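Taking it in order: structure first as structure tokens, then the write-up.
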Amino acid sequence: MAKRLLLTAALAATTLAAPVIEERQNCGSVWSQCGGQGWTGATCCASGSTCVAQNQWYSQCLPGSQVTTTAQAPSSTRTTTSSSSRPTSSSISTSAVNVPTTTTSAGASVTVPPGGGASSTASYSGNPFLGVQQWANSYYSSEVHTLAIPSLTGPMATKAAAVAKVPSFQWMDRNVTVDTLFSGTLADIRAANRAGANPPYAGIFVVYDLPDRDCAAAASNGEWAIADGGAAKYKAYIDRIRHHLVQYSDIRTILVIEPDSLANMVTNMNVPKCQGAANTYKELTVYALKQLNLPNVAMYLDAGHAGWLGWPANIGPAAELFAGIYKDAGRPTSLRGLATNVANYNGWSLSSAPSYTTPNPNFDEKRFVQAFSPLLTAAGFPAHFITDTGRSGKQPTGQLEWGHWCNAIGTGFGPRPTTDTGLDIEDAFVWIKPGGECDGTSDTTAARYDHHCGFADALKPAPEAGQWFQAYFEQLLTNANPPF
């Protein structure tokens, strides 16, 4: 299952004078690693690119500068209570970051909603994707325009520009994103809606910051540990999200809750980290569902995918687990159902089973949700579904095994977001994983290396999870179905 570190505050890196010619010959090429904790290779970039610190583990040569540069520590453009794991080049900008703020006594930046706050509540009934437009992720759009397109020409550049316009979910994968990208995006949506957007825009986001996150893998470990007060920190993170949702109650907001977390509770309880995290995961998921149960909010719990929970041995226990969470949270009206195939590659409705899915009878996402739905209903959770089709365009993929989740070869952008799913329990096809952001590094010496990213069916060389992966974006674009 793909692992992710996405959507943190926009940060900038300063540039130093070019080193001598002899050093320049050994500098990294564009997109290569140029620094980070434990890195022993070149710490400068060839002419035409800049070494930008992405997080403490990884710096990357990004296009933009016309001189050779050396890795520099980023400096935040905003006052926050937490440092960002995913700073970006100063060439990446998004209007979502530039929002009016005030400072609390704790020093955290807090958005002041323009125009005096909400004048109404964006309540709804039934399918929350009906009657609204999904908001295109401005951060992802900026990545495509500033990182992808400069390396492309002709039809590929034109197609890439079209990708940037497709709505995709924005990830709150660090505490710092809540009072920056999240609140800023809500401010942008409010401005667009007040300017007459018809139908109005809805915000689409992923809540993804559990302590001891990603308990069964290494590629996208989170910022908090359960042993170091992580539960209290997570509750404060959820409380901040709630604060902004209340401030922007005039905006319908759709949330996917904690990819991978509960699915790991079904299949990976043999992993010590998952055993230790299980009770906390459940407690904090229930807390999030209760706190975010607001009339303008719709929530979908992440439920893995057909190749994870769709197996006959897993699907029954999964239904019991999700129904239990639903009941423990008090059957929140804003919990609409489950999200499937997040950051994965499965097709929706296939005529035949890919070889790597055998012998699972639920070899695509449609079969999975149709098998899952009656079990959930019988357990007391009448769930609806959304499915991530962002990387499902090419079927079969180049995966050698179904569980090979990292930067899989032979994949393409898939069906565009729509409510025309042909299935009453399926609310929408959506793009949850922004295509082109890496699943995990192939560098075996990296602190967050996961062995799945070194398999023969994983595209290499790959940067750290969440960093821009130009070769992967081009693969998705080339194999897009329907094409751009």
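Just so you know, the numbers here start at 1 and follow the chain as drawn.
Just so it is clear, glycine is given a Cβ too, placed from its N, Cα and C backbone atoms.
Checking Swiss-Prot for region 'Substrate binding loop 2' across the ranges 119-157, 353-391, 431-469 points to 431-469. Candidates considered were CYS44, CYS51, CYS215. The record in Swiss-Prot pairs CYS34 in a disulfide bond with CYS51. For the recorded positions given as ASN175, ASN344, the lowest number of other CB atoms within 10 Å of the residue's CB is seen at ASN175. Taking the Cα atom of each, TRP405 (substrate binding site) and CYS34 (disulfide bond) are about 26 angstrom apart. CYS45 (disulfide bond) falls within a strand when secondary structure is assigned with DSSP. In the three-state DSSP reading, TRP405 (substrate binding site) counts as coil. Among the record's substrate binders, TRP171, ASP173, HIS305, TRP308, ASN344, TRP405, LYS433, GLU437, no two C-alpha atoms are more than 22 Å apart, and one pair sits at exactly that spread.
CYS51 (disulfide bond) has a Cβ environment of 28 other Cβ atoms inside 10 Å. Taking the C-alpha positions, the distance from LYS433 (substrate binding site) to ASP439 (active site, proton acceptor) comes to 10 Å. A distance of 26 Å separates the Cα atom of CYS34 (disulfide bond) from that of TRP171 (substrate binding site).
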